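Written out below as structure tokens is the structure these notes cover.
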Amino acid sequence: MLLHSLYDSFKPLFYLSVIFGTMPLYFYYKPVTHLKLSKYKLMYSWFLFACVIVHGVATPWVVVETKISAVNPVVVPKAVSNVSTYVNFIRNQTSAQIIAMRVINPLINIFMCLGSLWVGLIYVTDKLPVFISHLTDIDRGLVPFMKLRPKLNLFISLTLTMYFSILSVPVFTIYLCTVYSQGKFWPQVWSTLLLFCDASNYSVEIQFLNWALCLHIRFKAINDFLQRHSTQNEMFNAFNHISHKKWSVKERLTIRKIELAHECNKKLCDLIEDLNDMYQLQLLCSVAGCFIKILLNVYFALFASFINVKKTSGVQTANTIMWTTFYLVRFLVTTVVSCKTSQEATKTRSLVTSVNRRSFDNVIKEELNLFLQNTSNRSMRFSACGLFTLSTQLITSALAAGTTYLVILIQFRPQIS
């Protein structure tokens with residue numbers, strides 16, 4: 001029943017991922033519900049992977065030759081008459097920089113998409129069924145600590161699906177309306193595929209957030225149990241003179257709960273490592289890609305103000321603001337959720353230490369010492385292929401680095417007298 005409920009709660013995000021080719025699996029219900037590799041979905045995912053590569057190869061030609069005005073950001077140098085040779089050279093240099101940035105900007109989306117499709121094809125296909133199976137075993141052990149788990153799982157999945165829709169649909173719709181108003185067929189096809197790349201990357205990002213939040217609420221269930229007994233001293237008063245009396249049913253139940261909490265916590269720590277192994281490439285693509293996209297958008301917004309350009313329209317300004325917000329929210333949500341899950345997992349260590357200090361029984365202290373040793377020897381943080389750790393410090397570091405890069409880029413901007 002737990003396994004069936006866990007799979008059912010994952011279905012909204014499952015079908016979302018199938019559409020964008022990042023989940024080549026299907027539900028198999030005999031003898032029990034589980035995920036199996038689908039040959040047709042696998043072919044679909046590899047077909048999309050090949051299409052994205054072709055799309056990336058065609059990007060420089062499409063952007064330069066067709067001059068798609070909807071590619072954000074767009075900065076067009078102002079036409080100047082009777083200018084000197086030097087000014088013409090500077091203006092051409094400005095145009096070259098704009099073209100280069102307009103090529104780099106969509107290529108970042110394409111590389112992010114390729115990373116996401118690779119994660120879905122190689123890592124998710126192989127490791128996700130095992131991950132869900134282990135999570136189900138943990139759920140069986142957490143029954144004394146946590147109720148209404150299927151509803152919580154479904155709530156997380158539906159919330160993330162709404163988060164995907166609310167954040168992406170308005171931005172994608174306005175972008176497509178702008179592109180299709182130009183009446184150019186191949187730029188329209190190219191721009192539609194570019195949005196598909198963004199959505200594909202975003203869908204794998206949502207998968208990671210779903211499983212990270214699932215681990216978070218399970219760590220929280222264990223921590224609430226430890227916190228409750230630590231603050232109320234329910235665990236220790238029963239064992240003040242335990243060597244002189246027979247254990248009661250309540251005392252034995254408390255000891256059993258500690259053992260269950262220890263066992264479940266150990267498995268959850270394993271799942272954090274498994275989740276990081278499964279999605280670390282995705283974290284690198286999402287976090288680094290979103291940071292670079294934000295940096296480029298902000299740079300071009302400042303770039304348009306510092307050089308002689310045609311006055312940007314309200315649509316272009318709104319386009320820049322929306323895309324910057326889109327990537328900024330994704331960057332913040334991914335970082336904060338990862339950080340909160342790691343903090344909840346690390347919190348168990350301090351709670352076990354607090355409980356251990358107040359325990360007077362050798363059997364309890366031995367179990368708690370094993371519990372503490374297990375939590376102390378684990379690295380319960382999410383990293384992007386070992387390059388950086390996802391924490392709140394990453395946000396401040398990105399802000400400082402982004403400011404530095406912007407100052408450097410603006411100093412080297414070409415100027416027209």
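Cβ atoms are placed via backbone N, Cα and C, with glycine included.
Annotations in TrEMBL come from automatic prediction, not curation.
Transmembrane segment is the annotation TrEMBL gives to one range among 70-91, 180-201, and that range is 70-91.
Residues of the same chain lying 6 or more positions beyond the ends of the transmembrane segment (387-412) and with a Cβ under 8 Å from any Cβ of it are 283-284, 287, 291, 294-295, 298-299, 302-303, 306, 331-332, 334-336, 338-339, 342, 381. Cβ atoms under 8 Å from those of the transmembrane segment (12-29) belong to residues 35-38, 41-42, 44-45, 47-49, 116-117, 119-121, 124-125, 128-129, 157-158, 160-161, 164, 196, 199-200, 203-204, 206-207, 210 of the same chain, restricted to positions at least 6 beyond its ends. Contact count against the transmembrane segment (154-177) (Cβ pairs under 8 Å) is highest for 321-339, out of 41-64, 103-124, 321-339. Distant neighbours of the transmembrane segment (321-339): 72, 163, 167-168, 170-171, 174, 202, 205, 208-209, 212-213, 216, 283, 286-287, 289-291, 293-294, 297-298, 301, 382, 390-392, 394-395, 398; these residues of the same chain sit at least 6 beyond its ends, with a Cβ under 8 Å from one of its Cβ atoms. Sequence-distant contacts of the transmembrane segment (41-64) (same chain, at least 6 residues past either end, Cβ-Cβ under 8 Å): 18, 20-26, 71, 99, 102-103, 106-107, 110-111, 113-114, 117-118, 120-121, 125, 186-187, 190, 193-194, 197, 200. Long-range Cβ contacts of the transmembrane segment (103-124) within its own chain (Cβ-Cβ under 8 Å, at least 6 residues beyond either end) map to 17, 21-25, 42, 45-46, 48-49, 52-53, 55-56, 59-60, 63-64, 71-73, 194, 196-198, 200-201, 203-205, 207, 277-279, 281-282, 284-286, 289, 292-293, 296.
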